[in-house]
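These come from TrEMBL:
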type	residues	note
TRANSMEM	41-60	transmembrane segment
TRANSMEM	100-119	transmembrane segment
TRANSMEM	131-154	transmembrane segment
TRANSMEM	166-184	transmembrane segment
TRANSMEM	214-235	transmembrane segment
TRANSMEM	247-267	transmembrane segment
Amino acid sequence: PAFRRFQRGYYRVYLPALAADWLQGPYLYKLYQHYRFLEGQIAILYVCGFASSVLFGLVSSSLVDRLGRKKSCVLFSLTYSICCLVKLSRDYLVLAVGRVLGGLSTALLFSAFEAWYVHEHVERYDFPTEWIAVTFSRAAFWNNVIAVGAGATADFFAEWLGLGPVAPFMVSIPLLVLSGVFAIKNWDENYGKKRAFSKTCGDGLKCLLSDRRVLLLGTIQALFESVIYIFIFLWTPVLDPHGAPLGIVFSAFMAASMLGSSLYRLALSKRYHLQPV
């Protein structure tokens, strides 16, 4: 029962943050198009977001450990809320700053929350280590469900209610505030080991270059992600001229992704004994 309560406390903060993130997926390109920006200008805005995510991703673990995991989660809620608010502006530079804030927020989303959970699980509550996988597995399941629902919700506000492509970004803000408030009220602070940034990067680079398998895996992952990012950029301008409901299409993508994950787990189960080789 204590573990269940602890899990619920984590999900109460983490799942609204995920929902806010997914809500912004279907209508980002459409919003910039709505503001009359050219395809090349929109591409630069996308690159600003991706580059920011890479840059802050390098320092996010050190930043989170030094600042504190709880504070970092609250910082995520703040920066992502500002990122959503600046979508109301039609100024190109303001929107570029918003994309940089979005990159910072993404880096925090995929580092601070899980780091906080692992520390509390092991250090404060001393639950069995193998139970960590249970929590993250359920979080992954709900992440997929939320992603499917976010597409339909974005479509509802943008198209059905006629509020336009900026509406999903405004709907994200209450969820981000909710996540931050729950973190402030219910979570205790914890910190990681303070290590020099140069040492952290050096150790990572040494691991990458010393083990051929790690280098190959990283290369394959990078190539795969590059294809996905090209797809993320292109799917809206390809489908939108045909009148496709972008939110519903996004939900279909997420449902297909969830199906792929389910088939993978089934393939590795004791019934089929397939191996990822």
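All residue numbers here begin at 1 and follow the chain in the order shown.
Quick reminder: no glycine exception, Cβ is built from N, Cα and C everywhere.
Automatic, uncurated: that is what TrEMBL annotation is.
For the transmembrane segment (131-154), same-chain residues at least 6 beyond its ends with a Cβ under 8 Å from one of its own Cβ atoms are 3, 7, 10-11, 14-15, 18-19, 22-23, 25-27, 114, 117-118, 121-122, 167-168, 171, 246-255, 257-258, 261. Packing against the transmembrane segment (100-119) from elsewhere in the chain are residues 10, 13-14, 17-18, 21, 48-57, 60-61, 64-65, 69-70, 72-73, 75-76, 79-80, 82-83, 86, 132, 135-136, 187, 190, 192: each is 6 or more residues past its ends and has a CB under 8 Å from a CB in it.
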